[in-house]
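Participant: From TrEMBL, here are the annotated features:
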type    : residues                       : note
BINDING : Thr117, Asp171, Asp199, Ala200 : S-adenosyl-L-methionine binding site
Amino acid sequence: MAAPRSCALWSYCGRRWSRLMRCCELPGLRSSWPGGPLGARQLSQEKQATETHFGFETVSEEEKGGKVYHVFESVAKKYDVMNDMMSLGIHRIWKDLLLWKMRPFPGTQLLDVAGGTGDIAFRFLNYVQAQHKGKQKRQLRAQQNLSWEEIAKKYQNEEDPLGGSRVVVCDINKEMLKIGKQKAHARGYKAGLAWVLGDAEELPFDDDKFDVYTIAFGIRNVTHIDQALQEAHRVLKPGGRFLCLEFSQVNNPLISRLYDLYSFQVIPVLGEVIAGDWKSYQYLVESIRQFPPQEEFKEMIEDAGFEKVTYESLTSGIVAIHSGFKL
């Protein structure tokens with residue numbers, strides 16, 4: 001459903017005006033314009049009862065939050081199984097690509113927002129642990145004169161297998177976090193992992209705290225995407241990186257038609273058969289169509305203050321990875 005041209009024009013002009021106002025701020029003076037940090041907090045406090053979309057349905061902003069919460073509360077137990085069924089397992093490759101694009105360094109502090117079931121967090125822990133072990137082996141090989149006993153002691157005295165890296169999973173939904181914690185326990189993940197109940201629009205963290213912020217298949221469900229992006233910018237350290245994996249706009253007409261047919265005719269049926277929930281998966285399909293295309297979302301990330309913003313479309317644009325830096 002394409003938005004009227006007048007709405008698109010107002011949206012475009014609004015983003016440009018927001019950038020201009022930030023450029024005109026006086027040193028040491030925090031802006032009260034909605035595009036600035038203080039303005040974002042004011043909008044957060046006011047929570048104006050304006051209309052927004054919930055899939056193809058028009059609802060109030062307050063109502064959307066509750067509806068989205070109910071969707072993920074309903075699908076939490078079957079969330080991972082449905083991801084495999086809906087994407088034929090390809091979502092695993094997309095998430096692996098996100099980690100390969102991140103390439104976390106030793107000591108990286110990661111915030112994974114809307115990461116309730118832990119998919120990104122577990123990949124991060126596996127990655128940094130493998131990196132740390134590889135570094136340790138290279139150091140031992142360089143010390144040719146060490147005895148077997150000395151090498152064994154070095155391994156035994158290793159206090160932190162992650163090399164100081166940590167990940168915080170933040171999600172607004174208690175059921176999603178509950179499933180994530182259960183998975184972590186079953187797979188033996190303990191060190192370097194924390195679970196926090198929190199809203200992407202009002203993150204419960206200090207400024208300049210994390211090296212990397214990730215959000216995978218979550219930002220399209222946020223009521224105020226611009227506000228979530230501003231929060232991402234706020235909690236990142238200078239030099240920190242924003243990475244978003246999200247469904248996007250298919251760039252091949254033939255694949256687009258097939259994708260629409262599969263999305264609207266098959267996915268809700270799978271949701272009913274596997275999870276006993278047609279409506280939630282109908283919403284998920286509709287929410288993808290309401291999300292901005294790659295270039296428009298890139299501009300929104302830039303409007304939040306990020307620089308060197310790029311994106312990479314995957315699988316003919318079914319999903320895209322957007323990247324930006326806080327400089």
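The backbone N, Cα and C atoms fix where each Cβ goes, glycine too.
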Participant: If you draw a 10 Å sphere around the Cβ of Asp171 (S-adenosyl-L-methionine binding site), how many other Cβ atoms fall inside it, taking every protein chain shown into account?
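Facilitator: Its Cβ shell of radius 10 Å holds 26 other Cβ atoms.
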Participant: Who sits close to Asp199 (S-adenosyl-L-methionine binding site): which same-chain residues at least 6 apart have their Cβ under 8 Å from its Cβ?
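Facilitator: Listed in sequence order, they are Ile172.
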Participant: What number of additional C-beta atoms lies within 10 angstroms of the C-beta atom of Ala200 (S-adenosyl-L-methionine binding site)?
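Facilitator: Other Cβ atoms within 10 Å of Ala200 (S-adenosyl-L-methionine binding site): 23.
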Participant: Name the residues of the same chain, 6+ apart in sequence, whose Cβ is under 8 Å from the Cβ of Thr117 (S-adenosyl-L-methionine binding site)?
Facilitator: Ala76, Tyr79, Asp80, Met176, Ile179, Gly180, Lys183
Participant: For the S-adenosyl-L-methionine site as recorded (Thr117, Asp171, Asp199, Ala200), determine the largest distance between any two Cα atoms, in Å, rounded to the nearest integer.
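Facilitator: Maximum Cα-Cα distance: 16 Å.
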